[in-house]
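Record features (TrEMBL):
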TRANSMEM  B:12-36  transmembrane segment
TRANSMEM  B:43-63  transmembrane segment
TRANSMEM  B:69-87  transmembrane segment
TRANSMEM  B:108-128  transmembrane segment
TRANSMEM  B:148-168  transmembrane segment
TRANSMEM  B:197-216  transmembrane segment
């Protein structure tokens, strides 16, 4: 399969120019990339044929971990915050996943939704601990001893997000090319045959599930720093739905799809706001249905198809 | 003792009746079509908006206020007739046999569209129409004043449950539905028009959701966001009962309602958590719900 | 499409105008753009919309009088119902995109808590027009965020003291507040005040339904079962309307005295039983004696009635007063700057310690950026010559007396009060 590398590099170069050309888009893109990590986690599971309607909870767990570590444990270093928050989300993914990945199809979707709603309800009701529906503030972190102002930090965070996107995107790509990654796709095609080959579906899925939770958690931590605030809504089921939407819109055929979908949606939202603020959900709902009907491999599939690839990795 | 137990009991049943209809619809659609309709909650709120609008119109037009009672039923039928066949024949039908990811996404897209359509049609301010409550008056039980309307709702929920039993067990259409639920392929081989059955079941499901919304309006306000909140609650009830299990949904509605009422009486800090906590506990022990059966892994 | 030659001429004319203009006011903008944040959809819009209308009308009136320092004002309205994440994003979009020079934000206490650090980070003068939580200025002291309409401490102390004066025999109190900062703060203040001035009072129920809940039937059962003498609530907007409509038929108003802190906002829309204690969270009662003395609230209300078909409610007045404060700050900054248009630092400097006469009284900024206003509270009743219920038995408490000194923990300060504090206050009915 030929990869649309040159196109992706060009898109990346364009992104890098954003802070110079459109300074006020910097925040939008930072947030888009952060959500892109969560969408990538969802896309990973979709490759295994599993649809999670609760992945926003790991995004929220990552975000709240950053807020708690900052305000309660006094951790202010960015690297430490990101690593610790991602680890917390991964741990949560491992624990919940051990139970959840035993189920398939609708029940997997449903049980994820169930767990995420408990997380949502707890974060919104435990006023004394989580700040309830007010959420928690996130202070501007320091970076290895450097204490930037908010503006400088925003610029730094933007480039950090792009860097992480490239590095982690490449790692996830490598993972998908590894035997473990191929086993994941095989679960979608024929799980029983995979088990006859001696590969444990449970282990394969639990690994992917934990990775996907970690990615969502990292996204949550980045978003928390960028927004400066965390809220229970991060875990609401419609957010989970939006993550699946983003992944499918971008296309789950390649790692880039999730980020393409996310950046595309956020930029469209910024442009459309004011013009179509009243009908934003209507527009993306229609777009989603059109993608399902006509473009099962998403925007990324569109790029791929132009390059002459015919590999079928859609829904 | 009596003083505290009885109100708890009445409140739990009144709450259960409120969520039963919408959960019933969700589980019915799943049992026949094998689809988790993520947009189901939107039909609840559309039913609520339509019935509130008709009720307000009846009052402002100076018609007999008792007309607001049949209006509740009519608005639900209206919503079902308008959306049921249309959506099933176009969007939902396309997803049959395409995997649950596509089905969930399709209905999620539909949910997003319906959320904005409601804003565009009904505006963004709250609706409130309580003529039926005022007409029926109130009653004192265990030292607390309840609305007779709340008791009527409990009775209606029981009637709906019995009616569904009778429909499935004693009418031709109901029996055909039961056959389709039991084995889709065999029923097609027998010459049953399954596509028609699907349309009927989907429309019936929407009718129940809209009816739930319509019946709730006299005791609750209607505002944007109602659909999304109702969706997860209906889902919790359906999941606890076991997706596709009607009796399960009825029992689960009582359990969820009792959990929430108990929380409000004893640990108010946890009221919104209670339904989901119950759901998680039930699903940890019985992942396919109280009445559900494990899905068979296909080879 | 103008012809190229004509376009050239226009450009030249514009350039000439700019150059001649440069002589007397270098940076004077063509327009003063404001971002105004309020609830425009959902249940909370019942409270947020009168606020927005207040802004529209006040801006219209300011512009009719020549704008602020000769510059006309315009506003972009942002819906807070989209949640704090969206509100933060919009605030940033307006600020960083250069589409607002000052903000009137926000309605919700939760949103103000989220926005106040942002105001400093983006150096954006921001007037918190409605949010009341005393937590806002407790931990940090933003330079760019000012709140002219007072905080929860004075507001809910005032209610507690008033109902104790009206119902001296009260023994059992129940609380039902929305589940976020505003509701929790109010409950904490009511409890602290009771503990200080009437320690024998018992709290028999404390409920926090979520903001935007559509039904309160179970909560009403719980409240009835607790048999309280007084039910206190700071539910608001559509929530408050729902609660009143649902609690009425179930006899709650007959069983207990009910305090609805934001009751004045729904008096025109639902039947509040006589005897219900209501108020305006500050001094923003447009028919109050002080408002009549000042004389500007009456024409404002008349214009409002003309435009929107109903009387203004206190969020309308809070919004109007906030714009008056912003205008005063700009005018002070302009005169401090020898008549030239001020930059944002100068506007914020002008806000420091500013004292402004509003439609309904006076607000004075303390060192912690909180405005001190009086508290007007009354009871729903009948007045001669008015065909609908109005506030009767009113009292106006001095705002200063109900606030902890700057820098002191307000809840701890309430704890130092004694029953004498209650005895020394003006009596209900003393403000006519």
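For all residues, glycine too, the Cβ spot is worked out from N, Cα and C.
Two recorded stretches are said to be in contact when at least 3 C-beta pairs lie under 8 angstroms, sequence spacing 6 or more; the transmembrane segment (B:69-87) and the transmembrane segment (B:12-36) fall short of this definition. Counted as Cβ pairs under 8 Å, contacts with the transmembrane segment (B:197-216) are highest for B:43-63 among B:43-63, B:108-128, B:148-168. Long-range contacts of the transmembrane segment (B:12-36) within its own chain (CB-CB distance under 8 A, at least 6 residues past either end) are made by residues 43-44, 92, 95-96, 100, 103-104, 107, 146, 150-151, 153-154, 156-157, 160-161, 164, 177, 180-181, 197-198, 201-202, 204-209, 211-213, 215-216, 219, 230, 233-235, 237-238, 241, 243-246, 248-250, 252-254, 256-258, 260-262.
Here the transmembrane segment (B:43-63) has Cβ contacts under 8 Å with residues 22, 25, 71-72, 74-76, 78-80, 83, 114, 118, 121-122, 127-129, 131-132, 206, 209-214, 216-218, 220, 222, 226-227, 230-231, 234 of the same chain, all six or more residues outside its ends.
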